[in-house]
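Asker: Okay, here's the structure, questions in a sec.
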């Protein structure tokens, strides 16, 4: 009886807490004020469509903890009374706030009530938060706008091409129409401006607009009945979408359907270079950024990624303080896309590396480049956990209509089936799986808009695809990884060659919203490199696992091998955990070292001549993938002890110390000279990652026959001079598959 009473009381308490959370007002918080860091400032509350402040009466460190956690930080370091960060304006929303520190929102703490205060703004409270942010916390800027926009009046907006342009891809020109109460209506162009056209083109993925042949549209409008929408549109030109523009004056269309002296609105957009058709080569085979100073990394789809800028020859990231759609749109247009769909914060698309070049970016939306915007050079306090990212509007190319996944358990997996021309008609068929790998699978998932590839399958007998699509219609597929669609990859064309045929051997994929991203700590490699002369009798296990040069097999046990040793620290800065490709059942047992290898080749270690030829090499099998250490606030998930689960958690790193077997390159046979020391992680693409360009690390080194000097170590793609060098490395790795 006592137990049931206790359970009843506990249930009532849980129910009361849930009801309390549902009843508490929804508020948003922000930090404001001058001369402050991004993690500190005057505490402001957004309530009842108005920003206001918090009085310092009875405020405490517990209340500061609640506020900082609500803002996405791990907690508070301190709080400050008496408007230390300047006096705010408007309402003082909260006074006499009493928190225990366990509340999920400042609104859950007892207070005088919203707007009930006897304070002045000279008593505005400020907080100083822990600089570390809660992993995965999404930051949303709340903006107040009392102006009625199109979003409140229309259901949809489109660009409708004239009949002679219907087959053009992409559609760059046509009538701008809005859907209201289920009917499409044209817009009168009397109040239409080039700024409106700029916004309309941007939302459809185009960076600019141009003039069009007015005579053609005037002639067409004279022959067709018009159905005008009853409002004009007023855009400033920096909106990300026409629906964000203000409604202009109401129009009074005449009975004959005209709008005074005007005509239906027409826009003609200029596509970015990657989407512009060419009579000689068709669409560009792969997306390449048009500007050298800004790039996107870590995104699954074309037009999205972490924003990186080039400064003094080194690529770095942008801190997300004040990051918004205007700044994101400048980036998107600069790279040949349209306006921004999203301005992402909190390293939503993975963490970068190297310096943080820009902070507190403020753009008007009309700048030609992000580097033209105002920004703070001082990124003190910013970390890669705050890397800004974008998702851009891109033109509709129709790629998704020509590919599908069939037979999978969910929409993210299945046999790959493509639409191909055969005997003058379009038919669905399969893709030959010979040499099919994760790079090709990445292109498929991108074409379908399903994110990253998690696996590539060369057998799909367990997925019952469309029986009418069993025939192979594409073979010899080899992708570089940057293509927007599978037909843009190299393939055999009409001359199909697939010895195994389709059916059970058709290519398949599984896709995922997220992917890991491994990056080596180049500085640690540079700091820990040294030479060791080690006797052969202590290297028998290493010899068995092919960690020594082939000449070592000719040596007796009393001879020595010269080893270039170093430590490696491999960070997962992606969006999901890095796991071995194979499960327990497929791991390989190595008797000499008495451990399993979850990946036979996890890293390649190479010493190269200055022209790129290998002069010595090594490799490291993943006998143990685990979370050696993690960032603050992240718990270890993978441990090798007792044959535990293997992997590297997001925000953690695995360390291979210099003093363990095979953590070296055998340089016994190397002559004195200048060389390139190279490490490649996941060289065979056994596990999917969001970015492979940063899997390569290179150092310069000089060997005099006795000593070795290692310097200038850096990750692939981290410097402007790496672009050609590392794209070449990517091609070399492709040939290994």
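Every residue gets a Cβ built from N, Cα and C, even glycine.
OK, Swiss-Prot features for this one:
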- 1-18: signal peptide (SIGNAL)
- 29-130: domain 'SRCR 1' (DOMAIN)
- 55-119: disulfide bond (DISULFID)
- 68-129: disulfide bond (DISULFID)
- 99-109: disulfide bond (DISULFID)
- 159-270: domain 'SRCR 2' (DOMAIN)
- 188-259: disulfide bond (DISULFID)
- 201-269: disulfide bond (DISULFID)
- 235-245: disulfide bond (DISULFID)
- 256: N-linked glycosylation site (CARBOHYD)
- 294-393: domain 'SRCR 3' (DOMAIN)
- 363-373: disulfide bond (DISULFID)
- 403-512: domain 'SRCR 4' (DOMAIN)
- 423: N-linked glycosylation site (CARBOHYD)
- 479-489: disulfide bond (DISULFID)
- 516-718: region 'Lysyl-oxidase like' (REGION)
- 517, 518, 689, 691, 694, 695: Ca(2+) binding site (BINDING)
- 547-662: disulfide bond (DISULFID)
- 593, 595, 597: Cu cation binding site (BINDING)
- 611: N-linked glycosylation site (CARBOHYD)
- 624-640: disulfide bond (DISULFID)
- 630-652: disulfide bond (DISULFID)
- 656: 2',4',5'-topaquinone (MOD_RES)
- 699-713: disulfide bond (DISULFID)
Asker: Out of the binding-site residues 518, 597, 694, 695, give me the one sitting nearest to residue 624 (disulfide bond) by CA distance.
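Answerer: Nearest candidate: 597.
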Asker: Based on Cβ pairs under 8 Å, which of the stretches 29-130, 159-270, 294-393 lies most in contact with the domain 'SRCR 4' (403-512)?
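Answerer: Per the Cβ under 8 Å count, 294-393.
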Asker: So for residue 109 (disulfide bond), how many other CB atoms are inside 10 Å of its CB?
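Answerer: Counting Cβ neighbours of residue 109 (disulfide bond) within 10 Å gives 20.
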Asker: How many other Cβ atoms are found within 10 Å of the Cβ atom of residue 245 (disulfide bond), counting all protein chains shown?
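Answerer: A count of 21.
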Asker: At the level of the C-alpha atoms, what whole-angstrom distance separates residue 188 (disulfide bond) and residue 593 (Cu cation binding site)?
Answerer: 78
Asker: Near residue 518 (Ca(2+) binding site), which residues of its chain come within a Cβ-Cβ distance under 8 Å, counting only those 6 or more away in sequence?
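Answerer: Counting only residues 6 or more apart in sequence, the Cβ neighbours of residue 518 (Ca(2+) binding site) under 8 Å are 570, 571, 572, 573, 574, 578, 648, 681, 682, 689, 694, 695.
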Asker: Measuring Cα to Cα, tell me the gap between residue 129 (disulfide bond) and residue 109 (disulfide bond) in whole angstrom.
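Answerer: Each residue's Cα considered, residue 129 (disulfide bond) and residue 109 (disulfide bond) end up 18 Å apart.
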Asker: On a simple 10 Å Cβ count over all chains shown, which one of the disulfide-bonded residues 188, 201, 363, 489, 699 is most densely packed?
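Answerer: Comparing the disulfide-bonded residues 188, 201, 363, 489, 699, the most crowded Cβ belongs to 201.
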Asker: Using a 10 Å cut-off, grab the number of neighbouring Cβ atoms around the Cβ of residue 423 (N-linked glycosylation site), all chains included.
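Answerer: The answer is 5 other Cβ atoms.
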Asker: If one looks at the chain holding residue 269 (disulfide bond), which residues at least 6 apart in sequence have a CB under 8 angstroms from its CB?
Answerer: 159, 172, 173, 197, 200, 201, 204, 206, 208, 209, 210
Asker: Of the disulfide-bonded residues 68, 259, 547, which sits closest to residue 373 (disulfide bond) by Cα distance?
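Answerer: Of the disulfide-bonded residues 68, 259, 547, 68 has its Cα closest to that of residue 373 (disulfide bond).
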Asker: Whole-number Å only: compute the distance from the Cα of residue 547 (disulfide bond) to the Cα of residue 593 (Cu cation binding site).
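Answerer: Distance between the two Cα atoms comes out at 13 Å.
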Asker: Using a 10 Å cut-off on Cβ-Cβ distances across all protein chains shown, tell me which of the binding-site residues (593, 595, 597) has the largest neighbour count.
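Answerer: Max Cβ neighbours within 10 Å, all protein chains included: 597.
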Asker: Which site among 235, 373 has the most other CB atoms no more than 10 Å from its CB, taking these as disulfide-bonded residues?
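Answerer: Counting every other Cβ within 10 Å of each candidate, the maximum falls on 235.
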Asker: Between residue 593 (Cu cation binding site) and residue 662 (disulfide bond), how many Å separate their Cα atoms?
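Answerer: Residue 593 (Cu cation binding site) to residue 662 (disulfide bond), Cα-Cα distance: 11 Å.
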